[in-house]
Amino acid sequence: MAARMGSKVAAILAILSVLVVHGSCKGHPVNYNVSDASAYGSGWLPARATWYGAPTGAGPDDNGGACGFKNVNQYPFSSMTSCGNEPIFKDGKGCGSCYQIRCNKDPSCSGNIETVIITDMNYYPVARYHFDLSGTAFGAMAKPGLNDKLRHSGIIDIQFRRVPCNYPGLKINFHVEEGSNPVYFAVLVEYEDLDGDVVQVDLMESKSAYGGATGVWTPMRESWGSIWRLDSNHRLQAPFSLRIRSDSGKTLVANNVIPANWSPNSNYRSIVQFS
């Protein structure tokens with residue numbers, strides 16, 4: 001308990017010292033460059049890293065986060081998660097994107113490359129690029145046996161680069177959110193290979209309100225993070241097909257992935273994946 005409190009105090013003091021330098025959360029503007037942070041092949045970029053939550057946890061107490069993902073302490077996220085500031089989180093459009101990170105300036109750093117997934121947001125003006133990592137991900141950058149010592153550093157310099165996501169053996173999953181009903185449909189999209197993030201989702205009903213085939217894609221709206229919704233003026237006719245577009249413009253269609261007897265708070269695994 002004392003060690004855990006000590007690590008939190010160190011992290012808080014480190015962040016406060018940075019905020020003093022920058023003035024405050026409303027102080028001097030940070031020079032963001034979204035394109036550099038989200039581009040592949042940009043090489044290693046400098047960033048600062050902090051951590052939050054339990055020392056060996058996934059970050060949020062509920063194992064979720066602003067992106068809407070659930071159980072990020074379990075496979076395939078496996079607690080290797082991070083908040084991103086604006087160039088990384090991108091108002092939710094960066095949810096699910098994958099980054100390699102490493103540190104070598106702190107004596108406890110191993111220099112080994114680790115991969116994290118963006119599942120949450122943190123807009124404190126700590127640096128141009130800021131990763132607020134889970135305790136697990138932060139400690140993973142340490143030399144063997146020095147995980148806690150590195151976490152006690154509170155805030156460290158790291159390097160990062162965007163990389164394609166890879167979920168071996170998994171297809172894209174759609175989780176129908178609690179509260180969905182015949183005229184309101186909300187879905188979480190997860191486990192996308194390559195870009196990992198989604199910038200648009202469209203829904204096609206199996207038939208129109210008048211009984212005929214539609215063949216019409218209706219754009220859904222981003223609720224927050226990786227959750228997309230459709231507010232309808234009529235009872236939606238399932239099964240539904242879903243079309244998703246990734247950050248790089250690739251499109252996939254999951255035909256009839258949401259069955260006629262769908263229910264809220266349920267997972268529906270597709271048979272499609274980006275490649």
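Positions of Cβ are set from backbone N, Cα and C atoms, glycine also.
Values in this document were obtained by computation on a predicted structure and should not be read as measured data.
Screening Asn33, Asn261 against Swiss-Prot annotations picks out Asn33 (annotated as N-linked glycosylation site). Of the listed cysteines Cys67, Cys165, Swiss-Prot assigns the disulfide bond with Cys98 to Cys165. In Swiss-Prot, Cys67 is paired through a disulphide bond with Cys95, chosen from Cys95, Cys103. Disulfide connectivity taken from Swiss-Prot links Cys109 to one of Cys83, Cys103, namely Cys103. Spatially close to Cys165 (disulfide bond) yet at least six residues away along the chain are Gly96, Ser97, Cys98, Ile117, Glu192, Asp193, Leu194, Asp195, Gly196, judged by Cβ distances under 8 angstroms. Annotation note: Cys109 (disulfide bond) sits in a strand segment as assigned by DSSP.
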